[in-house]
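Data block below; observations after.
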Amino acid sequence: MGQKFSIKCKKQSKNKNTSKCQKIPKKAYEGPPGSYMVKAKYKYAASGDTDISFEEKEIMYVLEQFDEFWLKVVKQKDNKEGLVPSNYVSKQDGSPQSVEAWREIQRWEAEKSLMKIGLQKGTYIIRPSRKENSYALSVRDFDEKKKICIVKHFQIKTLQDEKGISYSVNIRNFPNILTLIQFYEKNGIGNTHIPLTDPMPDNYQPPVHFQDIEINRENIEILNEIGRGFFGSVHRAKWGRSYEVAAKMLQSSKAEREKFVLEAKIMHKLRHRKIVELLGVCTEPQDMPMLIIVEYMKNGSLKEYLKTPDGKKTNLNQMVHMMAEISEGMAYLESEKVVHRDLRADNILVANDLTRKVADFGLTELTDGSLGDQEKKTLRFPYKWTAPEAAKSKVFTSKSDVWSYGIVMFEILTWASSPYPDIPAKEVIEKVSKGYRMPNPEKFITGVCCPDEIYKIMIWCWDANPEKRPTFLVLQEKMDLLIVDTLTNNAYYSHSK
């Protein structure tokens, strides 16, 4: 629906029959009563009878919240009604989250993105800030003296009074974020008056969450096998008409299926950009393998990636970024009381944009980590990654995951070398229980660089007392600080215009 006009005419004089007509714009269409406007962040192709397709930037009006992950909308351009995934649209309410430039990322990720070759000066991102009641505007600039690209950050304060919410940069106030952007597009920002040009291109497309945890098997087309492990085989698959997913095939009894579905309903609600999200399960018919449907990561595991020609070029700064992404995903799981139990480079997957995501936590229990007596007898675990107290008691906690994270750090620093290379797997638990710890890997693996500040974090993760180990939130903060240090030194990101 475009903007409508009415014709208003008035006579120019009482002696003339001619009149002057003006087009007077009517009030912009605001959608059905009780609805609110959203704009599509991505293109979407419908996969069933109840959802509808739409184009990027298309305007729709939300009629109701259908469930936790889907909205019922009517499209502005053709009045079609149907369901759309809520994470594919943004509410047009003047907030930072409503504009194209919004990214749910940290400062170092904004700097990494904005320093990519080919972007013009003034490319920008709006993101969360660690400062209270604030957001951040990150802008690409060019230092003419040093001849390097840099990123500048500006605080956007949120103000609230009887008139509502407004936003402030320095001492200038704006009624909404769009007005703020338009002002700095025209006038420039900062001491050097950098004009905002374009939002940072967004190559990430989030997974589409199924409307129900239980998926009709007929809607899943199994394609080629891409992996096999202790829990079963993993296949590339297609959901509906166009969406690639990964399907894990598990053989299980009826009782095991019922138990897993209960756990899956909890895991289905876990949403974070640094974890591989569980999209649904297929448990029927009973005589066929159970399917666990998750995001498809075409680059495979981090272990596989580090062994590729591109992976072998990974430098120390990039390795620290990997560690930071994993700690962020694990910090989220920790906050949700989820214990992984099998954190390894094999269970970190690499997305299309090379983002690293924590995977396979969905095959673990979600409570306090305790198992039944019979389960403890048959439980298998990777000796070289498992904390000694967990190996002995079969009780896994977030702190035993932290131990495993220290081993993952070793894997990353050594391009996926096997930990404890000279010790048989079944002897590792006994040796570490007696106080043995792997030395700094740069001392026994050629070409490895592991600064003392990184090795100290590894040793901290391997403290014999679980309570003295850091939390994942603390580890995330430590990794962020390491990245900020490297950025300050221009060790990785500086390049010519």
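The backbone N, Cα and C atoms fix where each Cβ goes, and this holds for glycine too.
Asp342 (active site, proton acceptor) carries neither a helix nor a strand DSSP state and counts as coil. Summarising the annotation, Swiss-Prot assigns active site, proton acceptor to Asp342.
Annotation note: Ile226 (ATP binding site) sits in a strand segment as assigned by DSSP. Annotation for Ile226 (ATP binding site): spatial neighbours Val234, His235, Arg236, Ala246, Gly300, criterion Cβ-Cβ under 8 Å with sequence separation of six or more. Annotation source Swiss-Prot lists ATP binding site at Ile226, Gly227, Arg228, Gly229, Phe230, Phe231, Gly232, Ser233, Val234, Lys248.
According to Swiss-Prot, the domain 'SH3' annotation covers 33-94, on the basis of sequence analysis.
According to Swiss-Prot, the domain 'SH2' annotation covers 100-200.
Residues or ranges marked as domain 'Protein kinase' in Swiss-Prot (evidence: sequence analysis): 220-482.
Taken from Swiss-Prot, the feature region 'Disordered' applies to 1-25.
Calculated from their C-alpha atoms, the gap between Asp342 (active site, proton acceptor) and Arg228 (ATP binding site) amounts to 15 Å.
Gly232 (ATP binding site) has a Cβ environment of 18 other Cβ atoms inside 10 Å.
Model confidence over the domain 'SH3' (33-94) stands at 93, taken as the mean pLDDT rounded to a whole number.
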